[in-house]
Every structure is written in structure tokens, then in C-alpha cells.
Amino acid sequence: MADAWEEIRRLAADFQRAQFAEATQRLSERNCIEIVNKLIAQKQLEVVHTLDGKEYITPAQISKEMRDELHVRGGRVNIVDLQQAINVDLTHIENRIGDIVKSEKHVQLVLGQLIDENYLDRLAEEVNDKLQESGQVTIAELCKTYDLPGNFLTQALTQRLGRIINGHIDLDNRGVIFTEAFVSRHKARIRGLFSAITRPTAVNSLISRYGFQEQLLYSVLEELVNDGRLRGTVVGGRQDKAVFIPDIYSRTQSTWVDSFLRQNGYLEFDALSRLGIPDAMSYIKKRYKTTQLLFLKAACVGQGLVDQVEASVEEAISSGTWVDIAPLLPSSLSVEDAAILLQHVMRALSKQASAVVFSDTIVVSEKFINDCTDLFSELMHQKAEKEMKNNPVHLITEEDLKQISILESINTSKKDKKDERRRKATEGSGSVRGGGGSNAREYKIKKTKKKGRKDDDSDDESSHTGKKKPEITFMFQDEIEDFLRKHLQDAPEEFISELAEYLIKPLNKTYLEVVHSVYMSSTSSASGTGRKRTIKDLQEEVSNLYNNIRLFEKGMKFFTDDTQAALTKHLLKTVCTDITNLVFNFLASDLMMAVDDPATITSEVRKKILSKLSEETKVALTKLHNSLNEKSIEDFLACLDSAAEACDIMLKKGDKKRERQVLFQHRQALVEQLKVTEDPALTLHLTSVLLFQFSTHSMLHAPGRCVPQIIAFLSSKIPEDQHALLVKYQGLVVKHLVSQNKKTGQGEDPLSDELDKEQEDIINTTRKELQELSSSIKDLVLKSRKSSVTEE
């Protein structure tokens, strides 16, 4: 019981103590976090919570732990690793890095890494070990090894050269560090190698062959050359094409060039290039500043050679001959260079229009050209006399000669303008390459048309004159060349060809003047000898042809329209053209433009005569001329009547009696021609026309292509056996002509020999059959018709 009370008293005492004791206050974790966040928001507390949210850390503690981590990791740590070690957000790490770098000068931020000077010192020690082992290290290799940027490494290592690193960096190429021993060794190798070189050598080939460090070699080589230890020069700088030229080679080279120029008087650019001189022209200008040289396209020549050429040209001009300067020049000089040299010499002579340059190298004096022209004088007069008898050359009037003179002046002015443009263009290029200037004309021709039968400038000339030049030529180029060869024995072929081309125009112009003068003298002496056709003779001849045309037109009407068209065209081209030419030639005689044979008058000549006629006569004659190109005989005859009236020519119309006489005379003429001919085609033609006249009592003027239509028409006019014979003979004639054409068209192919033999057999067989039938065909007209047909 006592124990129970003791326990009660004890509990009472504890209760009393509890009642009078002070109570202790405690906060929950949530309340604590809320209070801290409010303090941070009110900026009364600066702390950072960790990534797991269980701890708070002050910025100062972050900086302290970052320094500790940098020290622990050897002076180089990645900020990502710091974030993982300190267990805070990366933003807080980056914020503290700036403060650390500012406050501690020995710490740097490089590519997201903190690096201190201790780390760089250890890195420099490692680099020095490698350098002493290999003799050189490159920044590029160190960048790969230490994963650091090149500029940072170069700066860091440069600061430690001579203190930690025993070596030096190449000033021209800061990407390599050498030891003194390495540089000395390479310097000795370079000095020895380049001292042994005696000819230009590409530096790049030595680098690849002997394993030199490229930048070190260029630096050492430049140093040795500047110090005079190596005698030579480096051409091309520090490039792949850099070349080392030793002084001994340059001296030998210069000696050779001086000797060659002194002995030969010229220098070839290619020869200097083969000696190893890259820019020959610049080299020559630099070496021979005071020497007078003429620069050509591929060479330069001295004044002595220029004087020699000038003397030869001057002598040729003064003596009235020609000279080719090519033999005077070195054979290695091209024709183009020779031409440039000659142009320079011609300008220096200052003799206006005293010479002409042919083939780029041949100088011909004007006197020599005039002498060549005089060689043709006698031949011109002989040919002019002959032309007067055969060709209508005297249709060249005073006006034509004036037009020719205009053309010549136009050509000359055009050529002078071209020469002037060429001279200005070449002089503006900076080298002595002008043309002949005002003292010489350079003459060139196209080689594609040697014979010169068609003038290349004809279109250009005709545009100025509006009319054609007279179609009369003294000689063609090949003929002039042959003539000149007989008189110029030693002249080059090309010179003769160009000289002939040059002489064509002046010779033709002179010839036209000679022809005109010959005609004028001949017409004045022959005016009283009856050369001019009398009006009576003309009226008789024109009337006869007029009546013949009427009779031929009557015979045409037996045929179809197509055949009539062909016969009309043939009649207009032949008989109608003849009568037109008679009328035109009669009028031309009054203009002193008549010809001996009116058949030689062409359409162009008729147009020329028309241009000289009075307006009244021109209208009627123009219609007559144009009617030859129409398709109607009636229109032509109507125009002929008008023209005859305008010319006071009286046409005598035929009567029945006269028509019978004309028919008889025409038949007799055809019969006489048939008797003597041996040509099968002509025999068939004459026989068909005669049979037509016997059957229809009408004349027919037909071309050979209308013979089949005539034979077809005769089928109802002559006995059947005679027509059959005529058709058979026609077939043989056609077969014979076709065989001959095939034989002519075949080439010399060996495979066609057998065909040639067969063709020859066919021709021989056909010819034999024609010979056998020819007499029978002729007898259809010559014998049988004597008894069966009578015609008076």
C-alpha cells in the first residue's frame, strides 16, 4: 500500500512540474519550406536549393565547391561535370563561373571548360617532352590530343616558350613549334641541297622528295638567300610553282641571250622560254632597257636587221622592182612576224602610195605594177579588134566607163578605210604591229577562188550603181597568171597569183576603154561603107520572118492545147526572138551600138538599148521585148506591128502565091538537110516535120521534144505500114539515147565492167538497126512522096 502511495506522489510531482514548466515550439518540414521560399521571394535570404529539393546551398558555397572541384580534377573541369557534382541547376553554375573568372585571373573558360594556369603549365611540360623527342610539334596535332582550340593553344604555348618549352615557333607559320636542334639540322640540309643546284628547280618537288617541312623550308631558304649564303633567287613566292634559280644559271642564261642577240640580231620568245625564262618579253625589256628593239608577236629583232630590210625595200622601190624580205630574215621568224616587221619598215619610209605589199612579205613598187600592166597593152588591142567582129562589146558606152570609174573609186576608198581601221587597231594594241600606213597598200586575196571568175565584191558594188557592170572580161585570173609566169621567171607562185588577182580590175577597166576606142574608130570609118543596115533590107527580112511566123502559127493549130503551148514557146524563143533582134539592132545602129550578128543580142543587151531610146520608141519596143516572155503568138505579132510602126518599118503581108513559095522553099530546105544528115534523132525529126507538111500543107516549127506528138498526129494521115515504121524508128532512137546516157552516167567502178559490156552490146545493136532503117525512113519523104504527093 505504501508503494502505491509512493507512486501516486511521484506522478503528482511530475504533473506539477509539467504544469509549471515552459512549452518548446516545433515547425513541420512543409512550414519550414514555405517560410524559406517567402524569405527568398522578399530577398531577405539568398540560397539555392539542390536538384533533389532536400537541401539549400548559398552562392558562396557553390563557388567554394566549384574551386574545390577544379583543384581536385587537376585544373580542368567541364561545367556539366560541375553541375552533376554540386547537384544544382546548370544556370547557377554558369552564373558563378563569370564571378570566378573575374576574381581569379589564373582561371579561364574555354569551350565550356574551366582551365587554370597549373593545368596549362603541366600541358606545356608534356608538349616540351614531345618536342624534345621529335624535334617539332604542330598545333593541329595538339588540338586533336588535348581537345582544345588552336588559337588558345597557340597563345598559351607561346607564353611558355623559353620558360617551360625549349623551342621556338615559326613566325610565318605559327602552327608549328621547332627545337633549335631541329631547325639547325634542317637548315644544314637545305643549305647543302640548294648549294648543289645548278639549274632552275621546282621547290615543291624537293619538298616531296626530301621530306622537308614546307613552311620551315621557305623560311630558311629565304633567310639563306637574303644573307647571301645561297646565290640565287626564288621565283613564284611560297606557292606550288615556286622555282629556285641559282645565280650561276642566271649568269649563263644571260650570257647566252646576249651572245645570241649580238650574233643573230633577234631573239625568239620560245627559245627564252625553253631556257627557263617564263616571261620572255618582260625579261628582254628589263635587260635591254637602252637597246632599240622591235617587238613582234613571237620574237624581237634588233635595229641592224630592221635597217637591212629597210635598205632592201628602199632599193626595190627606187629601182622599180620587187623584193621578198622573207629570205633576208631568219628562217625561224614566222610569216606573221615578217609582216609586222615589214609594216614597221614601210611606215618609216614615208613614201606615200609608192608600193604594194603582197603575201605579207613581198614589196612591189608601183612602177613595177605599171610595167606589168603595160605588158598586156598589145594583147588588149589584138583582142579588142577580134571582139569587135564576134561579140557585142561596143555596147559599152561612155556612161558604162563612167560607172566603172565610180566603182574603182569606191573600192579604193573602201580599201583605204579598211587599212586605216586596221592601222589604228593594231597601233592601239601596244606593240609595233601597224599596217602599211599611208605609204603602202597591203593586198590579200581569198585562196578558195583562185581563178577569180566571180568577184567577191560584185554584190557590194552593184548596190552602189544599181546596174550590172558590162559582161566583158579581158582575161581571167588563171590566164593572167600564165601570162605573168612567162615574164616573171623567179617570182613565187603565191605572189604571181595575188598579183594576177590585183591586176584583174585595172586590166578589165583599161580593156573596156580600149574596146570603146576601137569601136569608136571603126564606126567612124565604116559609116560610109554600108555597115549600117538599110531600111529596105530590114523591111524585106522582117516581112519574110513575119509571114513565116504566120504560117508556123497555122500549123500549130492541128495539135492539142498542151502541144500548142510547147510549140508557141519554142517559136517565141527562136524566130520571134530573131525578128525582135533585127528591129533592136536597126535602132542600135543609130546609137552607134549595132552588132554584126543580131543573133548575139541577149535580153540584157536589149534592155541596154531600150535605156538609150526616146520615150516614144521605148514604149512600143518594151512591149515587144516583154511579149517574148508571154504565151501568145497573136500578142507578139500585135506588139511587132506597133513596134514596126514606131520605127517606120513597113511590113509586107503575104498573099496565097507568096505562101506557096514559102512552103516550097521551106520543104526544099528540110529535104536538103535530111539528105545529108546521119544523126538518127535529126533524121526522125526532119522526116516527121516533112510528113506533117505533106499531109496538112502547113509549115511546122517544132522542138525535138514535140516529135512524139507529131508522129501521133500522123497516124491518121499516112499509111499504117509507114506509121508503124516511123514508130519503130522512134523507139530505136529513144533506146539509143537512153543507152548512151546510162553509159555516160556510169563511173569507173570495177563491179560495173560487166554491165558496161552489156550496155555496149545494146548500143551497138541499136545503132546497127538504126542504120538499116535510116534509108527507109528517109525514103518515106524522098521517094514515095514523089509519086503520091505533088506540090508546087
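Every residue number used here counts from 1 along the chain in the order it is shown.
Any Cβ shown, glycine's included, is placed from N, Cα and C.
Per Swiss-Prot, these features apply:
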type     : residues : note
REGION   : 2-200    : region 'Mediates interaction with DDRGK1'
REGION   : 2-212    : region 'Required for E3 UFM1-protein ligase activity'
MOD_RES  : ALA2     : N-acetylalanine
REGION   : 121-250  : region 'Involved in CDK5RAP3-binding'
REGION   : 200-400  : region 'Mediates interaction with TRIP4'
REGION   : 412-471  : region 'Disordered'
COMPBIAS : 453-471  : compositional bias 'Basic and acidic residues'
MOD_RES  : SER458   : phosphoserine
REGION   : 488-682  : region 'Mediates interaction with CDK5RAP3'
MOD_RES  : THR534   : phosphothreonine
MOD_RES  : SER752   : phosphoserine
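For the region 'Mediates interaction with DDRGK1' (2-200), the model's pLDDT averages out at 80. In the region 'Involved in CDK5RAP3-binding' (121-250), the DSSP tally of helix, strand and coil residues is 74 helix, 20 strand, 36 coil.
Sequence-distant neighbours of the residue listed as 'N-acetylalanine' (same chain, 6+ residues apart, CB-CB distance under 8 A): none.
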